[in-house]
Amino acid sequence: MANGGGGGGGSSGGGGGGGSSLRMSSNIHANHLSLDASSSSSSSSSSSSSSSSSSSSSVHEPKMDALIIPVTMEVPCDSRGQRMWWAFLASSMVTFFGGLFIILLWRTLKYLWTVCCHCGGKTKEAQKINNGSSQADGTLKPVDEKEEAVAAEVGWMTSVKDWAGVMISAQTLTGRVLVVLVFALSIGALVIYFIDSSNPIESCQNFYKDFTLQIDMAFNVFFLLYFGLRFIAANDKLWFWLEVNSVVDFFTVPPVFVSVYLNRSWLGLRFLRALRLIQFSEILQFLNILKTSNSIKLVNLLSIFISTWLTAAGFIHLVENSGDPWENFQNNQALTYWECVYLLMVTMSTVGYGDVYAKTTLGRLFMVFFILGGLAMFASYVPEIIELIGNRKKYGGSYSAVSGRKHIVVCGHITLESVSNFLKDFLHKDRDDVNVEIVFLHNISPNLELEALFKRHFTQVEFYQGSVLNPHDLARVKIESADACLILANKYCADPDAEDASNIMRVISIKNYHPKIRIITQMLQYHNKAHLLNIPSWNWKEGDDAICLAELKLGFIAQSCLAQGLSTMLANLFSMRSFIKIEEDTWQKYYLEGVSNEMYTEYLSSAFVGLSFPTVCELCFVKLKLLMIAIEYKSANRESRILINPGNHLKIQEGTLGFFIASDAKEVKRAFFYCKACHDDITDPKRIKKCGCKRPKMSIYKRMRRACCFDCGRSERDCSCMSGRVRGNVDTLERAFPLSSVSVNDCSTSFRAFEDEQPSTLSPKKKQRNGGMRNSPNTSPKLMRHDPLLIPGNDQIDNMDSNVKKYDSTGMFHWCAPKEIEKVILTRSEAAMTVLSGHVVVCIFGDVSSALIGLRNLVMPLRASNFHYHELKHIVFVGSIEYLKREWETLHNFPKVSILPGTPLSRADLRAVNINLCDMCVILSANQNNIDDTSLQDKECILASLNIKSMQFDDSIGVLQANSQGFTPPGMDRSSPDNSPVHGMLRQPSITTGVNIPIITELVNDTNVQFLDQDDDDDPDTELYLTQPFACGTAFAVSVLDSLMSATYFNDNILTLIRTLVTGGATPELEALIAEENALRGGYSTPQTLANRDRCRVAQLALLDGPFADLGDGGCYGDLFCKALKTYNMLCFGIYRLRDAHLSTPSQCTKRYVITNPPYEFELVPTDLIFCLMQFDHNAGQSRASLSHSSHSSQSSSKKSSSVHSIPSTANRQNRPKSRESRDKQKYVQEERL
């Protein structure tokens, strides 16, 4: 039984040995070795089991020999099947603990040495004190030598340490490259581990034939060198030894060298390389990829989570495939590395499907502890990661510029209203193909409505979340390659100065990032524009523009005081409106036909060169169906100016830019394509297109001859102005004055200058006169000769008084010495006794805390110097004296200004200022933006307007007041004629109800316009420009100025033209002057400043009587246009018609509406008022007699103001143009003789 038991045991042992041999054989066949330690113990059995074992081995001996022999030749592994994992682990443990022991031993010895030296130092110090100075000197020498040696040694060690620190520091390029390289190689080593994880845990490998082992060896050699650098650079060696990265090196680098020596590989703890992923965020920061705190935090969380996950999976893979050591590794299970990764994830998430689980004791023990930390990490990290990813900016990308397509950046106040208004105008179909992409940049993500708007225009609009104050965000939107940057302002903010300051900071930030970028910004307050001039790179000559809403808004309202309804017409001109066709014969039909007109610019054809402005203007209107109102004029010094209706003395130059009113940009192309040879006989303007004929260039001699003939008024055949000397030097002139740079208007000056350079036979008297003119410091002979716009009339020169300052230093505005506000304040009784008629009443709501609206911008256009002093309308402010005191600093230099302290809601105050006799009542409010409810923002203005309209007046009182000789307020000229030419509006002889008082009301909220007229039928959802109060010119909202942003971008000259029209002549030079002193400076009258008065102004022409009365009853608008232009150089551009004029039955309604640029055949009615651009009349201020002729002298005609202002009477109408032409001819002849 014993033998049987032994046999059984032997058989069992033999079986075990046989099984071991079978496993070895199969592994050898796969070029690997995986043996159990139990196979060696079976060889020491009893004799019976030995025989059994030998018989068993004899059975398998042939197969063993066949498999072992070739492997033993290639891979000298241990044939006994012993596992060598302990050798790999021992190498790591010995390295770690050995180094730790050495560091601790070094610190202990150093501590003992320091203590001993400290005690010895005290003994030597005591000896030095006892031995005296002589003996001390002898002992100090060797001590100094030792200290120098130690200092030298410390210096050498410090330099090496510093060098190592520089090598591994990310502050230098070498350090950054080294850190990134180490991280990349660590990830490479981890990838090699992933590849080797598919092999058994321990296997035989030949270093010279295994490519992955060679690569891993190279990586670890580099890690060893880098470890040495880190060790040298470390200040605290002990803490360095215990760092995570150091521990990773201890358990991954030494086993590689052991594997080379033993020709076998053990996966072991190579999975610790995954801990290097924790440094991933640092690497990305070194490369300047991560810059925001959220992105750094997100990458940190992800790297920690993933590295912990992969490392724990590697440990489970090791113990589960190896088994427990105390179980002789018999309880192992075959799990791939990725199955372990899956196991760890379901464990951390507490799902635990049970399909994969740990069988070894070590694995289960590790899972017990890992599930505590893993669950905590999963529960805290994953929600935070999801939150960070969810909170990432949806619009946080970067703009990708499209080749061949420009883009602009729009920033500032980005809301649904501002963006929709901007896009509606910018992307209007009437513009040419807008190949511009719009990039919006705002620091707040758009709401759902605004997001939907962006999606509707996704082909041309992109939105990015960011701030222009951040250079990184500016780089994201490619501001350096943008065509322009547009900054929108919040028109409804409570603090306009703060809003302007924000926009100025945006300009500074953008200009600091890219000084050459073109910026168009909106400003709320006029005085804040001065701060833009302080920016060095701000240059209005390069396209930078500031659209001041207060300046333009009040300028539009001021022009309505001169010509009621003009604000509506101008607002419609620079706004893109689609044509709405109405078949019914209503006032909306004619109004909407005019609304479809816009302002365009186009270069004039060479066929117009040499013609006068009125001639070209008439040709364009009659033949091309275009209305040209201005040109860009280049003077002798090549400075460009925009001249509005300059008159017949100006000849068109080559390459002149014209300003047109048309309904489409394609129509304006006719002015560029027009050819006299090809299109002279064409009657349909749509057929005027680009012709195929070549336009011959005019020689310099012919151009100069034509210019000479224009000057002298003779034909080219009869002209003898050009001497033979000039004709003989044409080649010299061709070289001196190329065709591309010489304009016809400059030719006369050119050849005269050429003659001046030749030897002449002038008399000494003429030479002295010429020399005196050239040496005059205040005159420019070249400018005075050929620029007639700068030549003042004789009456102006005669009236020049060098001792009196009547105008500001630029000559653009009337000026007076500063006055104290107490001198212009009127009491109610004083105002009632004053003759106030044809004046402007400004009702202003405001108090001490209200934001200033800048009343100077309202007064300046009404004090333009192209009005004579007696033509100035008296301005009466009715409002809080506390508010007006704050505004007075900017108003005290303007004449004819009075103040009535009170409230616009008081009818007594309104009657005291004769509001029924005023030419215009303006209602403004400075409190509009202090109310959150948009419907209530305009409550004060609406109440004041309704209050005035409900007032009733007695006709007899108006007549008595008009004829009384009461008190005259300070600054008001009693001799001013009541029917001054500047009145420009046809008023009824007596107003008995407030409804007939001309009123213009400023509104903030467009929808509130419905409350102004109770008898209109406007729908509350109707757009502002379609409402009756806006069409009639009785309401104005600042929102209409939004269109100027896109209009200025497409054509920066449009803004200059608008500002020239509405501001009365404000220039960049004047703005710079106001920025210095915040007030107009008085100046003495000189020919140059008086020449600035010679500019046109807007007025209204009545057709009831006067020189155009015959056209008023059924005449054509085109005939009126041509007659006014030829006879008086007056340029008509619209009609102000009674609302019910189209009705066959008479109507009591006095409301009028605006018709912009009617066609030639448009029928006129006698009650029409014509918008026109009038020339400055030098003779209007000479005598009261001339004034009586230029205005309606008859009070019995039931008209208080003139219908044709500045137009001479019928008797003198024909003589005056002739006298003016003769005066011009005489002037040019005198200049030629000089």
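Glycine is no exception: its Cβ is also placed from the backbone N, Cα and C atoms.
Remember, TrEMBL labels are computer predictions, not curated facts.
Annotated compositional bias 'Gly residues' per TrEMBL: 1-20, in sequence order. Sequence annotations record features per position, and here TrEMBL assigns compositional bias 'Low complexity' to 38-58, 1184-1209. Here TrEMBL flags 405-547, 837-981 as domain 'RCK N-terminal'. If you look up TrEMBL, you'll see 84-106, 177-195, 215-233, 298-319, 334-353, 365-383 marked as transmembrane segment.
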Do at least three C-beta pairs under 8 angstroms join the transmembrane segment (298-319) to the transmembrane segment (365-383), pairs 6 or more apart in sequence?
yes
Same-chain residue ranges lying at least 6 outside the transmembrane segment (177-195) that approach it to Cβ under 8 Å:
167-168, 170, 212, 215-216, 219-220, 222-223, 226, 252, 267, 270-271, 273-274, 276-277, 279-280, 282-283, 286-287, 310, 314, 337
Using a Cβ cut-off of under 8 Å, list the residues of the same chain at least 6 residues beyond the transmembrane segment (84-106) that approach it.
78, 201-202, 237-238, 241, 247, 250-251, 254-255, 257-259, 262, 264, 266, 268-269, 322
For the domain 'RCK N-terminal' (837-981), mean pLDDT (0 to 100):
82
Secondary structure composition of the domain 'RCK N-terminal' (405-547) [DSSP: H/G/I, E/B, coil]:
57 helix, 32 strand, 54 coil
